[in-house]
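Here's what Swiss-Prot has on this protein:
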- Asn6: N-linked glycosylation site (CARBOHYD)
- Asn15: N-linked glycosylation site (CARBOHYD)
- Cys265: S-palmitoyl cysteine (LIPID)
- Cys341: S-palmitoyl cysteine (LIPID)
- 1-23: region 'Disordered' (REGION)
- 415-418: motif 'PDZ-binding' (MOTIF)
- 1-34: topological domain 'Extracellular' (TOPO_DOM)
- 59-71: topological domain 'Cytoplasmic' (TOPO_DOM)
- 96-106: topological domain 'Extracellular' (TOPO_DOM)
- 130-150: topological domain 'Cytoplasmic' (TOPO_DOM)
- 175-196: topological domain 'Extracellular' (TOPO_DOM)
- 221-274: topological domain 'Cytoplasmic' (TOPO_DOM)
- 299-305: topological domain 'Extracellular' (TOPO_DOM)
- 330-418: topological domain 'Cytoplasmic' (TOPO_DOM)
- 35-58: transmembrane segment (TRANSMEM)
- 72-95: transmembrane segment (TRANSMEM)
- 107-129: transmembrane segment (TRANSMEM)
- 151-174: transmembrane segment (TRANSMEM)
- 197-220: transmembrane segment (TRANSMEM)
- 275-298: transmembrane segment (TRANSMEM)
- 306-329: transmembrane segment (TRANSMEM)
Amino acid sequence: MEPHGNDSDFLLAPNGSRAPGHDITQERDEAWVVGMAILMSVIVLAIVFGNVLVITAIAKFERLQTVTNYFITSLACADLVMGLAVVPFGASHILMKMWNFGNFWCEFWTSIDVLCVTASIETLCVIAVDRYVAITSPFKYQSLLTKNKARVVILMVWIVSGLTSFLPIQMHWYRATHKQAIDCYAKETCCDFFTNQAYAIASSIVSFYVPLVVMVFVYSRVFQVAKRQLQKIDKSEGRFHAQNLSQVEQDGRSGHGLRSSSKFCLKEHKALKTLGIIMGTFTLCWLPFFIVNIVHVIRANLIPKEVYILLNWLGYVNSAFNPLIYCRSPDFRIAFQELLCLRRSSSKTYGNGYSSNSNGRTDYTGEQSAYQLGQEKENELLCEEAPGMEGFVNCQGTVPSLSIDSQGRNCNTNDSPL
């Protein structure tokens, strides 16, 4: 999304006149172009490389193929499209001082830009709802949101995003009627996004503000529930140690079950924090732009063009942040290391008790590797020996149903590898 009213001059250009034939100014301009080209190339490479890594990791390792990570894949796809089809052309528009790709691609490129932002925030909104269901209804979660249902939800997100982005632009509902805008629409070398006031406000509300409000509200509820659950765990542990101290001394299995449940809940809450960071980063990167986007159509000369384009690029840079945030997850870190050949590609035991073999599939192994022992505090087991029912509580402070695998181990199904 390029700034409204841009007259195809150097955006983000250094201060000072650009008088023709002035050697000093010309050298400054050339240095600025080279510097910006390098910076923008780094941004594009970071976006593409990071999100390809995320998509490949989830596709290759079955351990990462959870419902939540299906949504993470959708988010990574939106960021990848941004890095491949939006940011490079935006960089060219800035550096070349004109649009070199024709009117059709100008509108198509702008539509893709709006599509990626809309799909991203709607996916984040869905992730917030997913985590809310998972933490408030852990026993119903697997039936309420299966992987097939997740695929349908993702498809609906992209269909809705496509309609709200492509339809108004391709139908020219966005177009302004003043002379400068009409002249730009007619020129093959002008791709400035002149919009009417109604479109700017309506598109910002539908594509950003409404999903943002829903996301913030739902996630605030998630953290409230999570806080209450941690308090229940603390109380359950207190009652357990007070009433069953002698039994624990004789048989440590009950204590192990309670500790394992607490570990699982702490892992879930760490996953919530990671997702919260992702949502918070997205909001911080895009909210300033959408505020300016509305202000600009109300008071055209209030916001300098340089500020507008800087905030637009701050939103673009967000697409490179998410892969870095995913590194908070031990599962993602291990997957990234193996994909980058920083770990052996032979069978690897994950901290959750699963191993990755040479063909990329994951199998369960009961053995603990050296890595697993060293990371026990950080990467808690999700598949453990079945504890005694009398001492095993779930994240809500109640006794959960147990799923026993072929080796007699308890596999909690509500996992979140993030």
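The backbone N, Cα and C atoms fix where each Cβ goes, and this holds for glycine too.
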Helix, strand and coil counts within the topological domain 'Cytoplasmic' (130-150) (DSSP): 15 helix, 0 strand, 6 coil
Assigned element (helix, strand, coil) containing Cys341 (S-palmitoyl cysteine), judged by DSSP: coil
Selection from 35-58, 72-95, 197-220, 275-298, the stretch that has most Cβ pairs under 8 A to the transmembrane segment (107-129): 72-95
Neighbour count (Cβ, 10 Å) for Cys341 (S-palmitoyl cysteine): 8
Within the topological domain 'Extracellular' (175-196), residues counted as helix, strand or coil by DSSP: 8 helix, 0 strand, 14 coil
Chain residues outside the transmembrane segment (72-95) and at least six past its termini with a C-beta under 8 angstroms from it: 2, 10-12, 33, 36-37, 40-41, 43-44, 47-48, 50-52, 54-55, 58-59, 101, 105, 109, 112-113, 115-116, 119-120, 123-124, 127, 154, 157-158, 191, 278, 309, 312-313, 316, 318-320, 322-323, 326, 418
